[in-house]
Amino acid sequence: MEKHPAFLCIDNPHQELYYLRMLRSREKMERKKMEEENQCKRKLKVCVATCNRADYSKLAPIMSGIKMHPDEFELEVVVLGSHLIDDYGNTFRMIEQDDFDIGSKLHTIVRGEDEAAMVESVGLALVKLPDVLQRLSPDILVIHGDRFDALALATAAALMNIRILHVEGGEVSGTIDDSIRHAISKLAHYHACCTRGAEQHLIAMCEDHTRILLAGCPVYDKLLSSNHRDDYMDIIKSWLGDDSQECEYIVALQHPVTTDIQHSIKIYGLMLDALLSFNKKTLILYPNIDAGSKEMVRVMRKKGIEQHPNFRAVKHIPFEQFIQLVKHAGCMIGNSSCGVREAGAFGTPVINLGTRQTGRETGENVLHVRDADTHNKIYHALELQFGKRYPCSKIYGDGNAVPRILKFLRAIDLNEPLQKTFCFPPVRDCISQDIDHILETQSALAVDLGGTNLRVAIVSMRGKIVRKYTQSNPKTFEARMQLMLKMCADAMQDTVSLNCRILGVGVSTGGRVNPQEGVVLHSTKLIQEWSSVDLRTPISDALHLPVWIDNDGNCAALAERKFGHGKGVENFVTVITGTGIGGGIIHHNELVHGSTFCAAELGHIMVSLEGPECSCGSTGCIEAYASGLALQREAKRLHDEDQLKVDGLDMKLTEPITAAHLINAARLGNSKADAVLNKASTALGIGIINILHIVNPTLVILSGVLASYYQAPVKRIILERALDSAQKIEVVTTDLEEPALLGAASMVLDYATRRLY
């Protein structure tokens, strides 16, 4: 036997045997290491199973995301259920048209459309699925929702030790769907849910919170990215006729309620009667394959719906066209989850009939008709809803679900034990579901529309500024709006990597604001005299988010109420001492706006009948004495009169004269500067005394760059001149570094925690 070169010099056979064993052991370790490295580089094999047109619309964005990363994922598609039935449109063809390769087609539906047929269909699926799953051998099986077909998928996969990712678990909708959905959640190993409420339900069901992703609904990724299509009128006319008009038609979609079939058929008939009486063009989709659907079709045919000139009855519409039809409809009616979920993204008015969606989280666009004995109640609901428009609702997503789900899939460790572990009580309460405990953070996008700079920030629920963006503020309205929207869009892109979920946008701006309409009624000169400018609409349209707007002084008060000295204080006043003088009043825990939205214009409280001219056009206002601009004006006057100089004061010839020079001169003994500041402090103190005597707060919070200077003299003037009952009111300076941004964010975050603003 030829010896290894390393052993040619070894004569002792025992030594040679020792070194040979050592070499083989080393080679074995290297091979094992290479196998582990190859295992780490192996693609994750993801099987997506779709049962019907409804779940495919939710799964298609995930499938597209997986397909776009062929170096990381291997996609397998299994089609079963009503996809393969001619009466329901053979909707498997739309999957092929979307360029997905279908690995397996399973005919699993036993016809009959009754309770027994549903049970038999589950059994047939369980018979056929093992061969398919064994052949495909996926790492992860992705299942959606609450259909009986999906229950068969989850049962088969769980028994075959295949990991399951359940999409849209934890929701509550009533009927047998709840039981099926929760059963699938108990079989699933991982969860991608849509809402905070659904996440809480899963945690309450003892699911491991580390395996729950709050992703949002995947369909919102497509809804918000393809929200506007120029050819939407062509789509409307192709389905409803050439004489159809936007917002002048109804979309109707109602399914059986399997726990009360006869009642759901009755409601279906009443809906058709109401639609016939309402006399509007109506696109009506056939019900799904659940027990009772055959009877509902009989009711539709008995009433002549398929031949009626106002109606167009269809089995299936491609999703991209269907969402355009829903978006531009005058109303949607029925009990489809699309009405309480997707329609909210467009503000389309919806009438939800019966109990099928009981428990669903809904936007304000949904009007519920729980029960009806005649069609009159439904007809009246149509009168109330038809043609309305509502604010866009983002309860179910922000358009970034798929990137989150892909990131979640990448993080799955196939080496960890397959056996599920449950987190039994005590259940974590909602306070612990925060930044340190969950995958992503509820946050607000805050905008501070200042005179010099435009600032945007991502602010967390706890008031932490996660990231801030600053740009010089353009002078024209068009340029300012364009820059604001770009900065907000850039911030929204960063939220995915920062694990932040934006709940809305808050805007702080100078001037008089109507927060109910989101309109700047009259601005300060600092932002070029905007007048009657609607800020809410362009921001909401661009970002698909709710928007709140208020005056910067009011925002400072809101920031103190949520994050600062005003937290837990029922009555307090915030006074901003900066370039101008402003503020906000919190009375009985609520912000005071006034009848014409000019309450808390604290800078324009008059403290003298013959004072200096103010920027508002009047004379003797606090702002004319005590603002940064007023002090700068006095500093320049003294400088021009050569009365500002004092030993120790460093004044460079090239630098502009500011209020800081005046304050420093006074501290160094300049009597002229001291007299100016004494008059300014007195004016501010008297103004605050007037506030104390009118609203009687328990706390005054000074904010702005001059706050620390004014605190002591204001306290002294209150002791000297206020009523005895007001002299002990506390005066503090703010601890908040960014009150305008934090106040803008608090409008969003207070609403998100269901506090009325």
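Using N, Cα and C of the backbone, Cβ positions are placed for all residues, glycine too.
Automated prediction, rather than curation, is the source of TrEMBL annotations.
The coiled coil feature in TrEMBL is assigned to 19-46.
What TrEMBL lists as domain 'UDP-N-acetylglucosamine 2-epimerase' is 72-409.
Cβ neighbours within 10 Å of H604 (N-acyl-D-mannosamine binding site), excluding its own Cβ and spanning all shown chains: 20. Marked as N-acyl-D-mannosamine binding site by TrEMBL: R512, T524, D552, E601, H604, E623.
If you draw a 10 Å sphere around the CB of D552 (N-acyl-D-mannosamine binding site), it holds 26 other CB atoms from the protein chains shown. Positions annotated as active site by TrEMBL: D552.
Annotation comment: TrEMBL describes H604, C614, C616, C621 as Zn(2+) binding site.
Nearest in space to R512 (N-acyl-D-mannosamine binding site), taking C-alpha to C-alpha distance over the binding-site residues C614, C616, C621, is C616. Taking Cα separation as the measure, C621 (Zn(2+) binding site) is nearest to H604 of the binding-site residues D552, E601, H604.
Listed in sequence order, the binding-site residues from D552, E601, E623 having a Cα within 10 Å of the Cα of C614 (Zn(2+) binding site) are E623. In the structure shown, across all protein chains, E623 is the one of the binding-site residues E601, E623 with the greatest number of other Cβ atoms within 10 Å. The average pLDDT the prediction assigns to the domain 'UDP-N-acetylglucosamine 2-epimerase' (72-409) is 90. Shown are the binding-site residues C614, C616, C621; the one with the most C-beta atoms within 10 angstroms of its own C-beta is C621. Neighbour density for R512 (N-acyl-D-mannosamine binding site): within 10 A of its CB lie 18 other CB atoms from the protein chains shown.
Surrounding the centroid of the Cβ atoms of H604, C614, C616, C621, where the record places Zn(2+), the chain contributes additional residues within 8 Å, namely E601, G603, M606, S615, G617, S618, I622, E623, A624.
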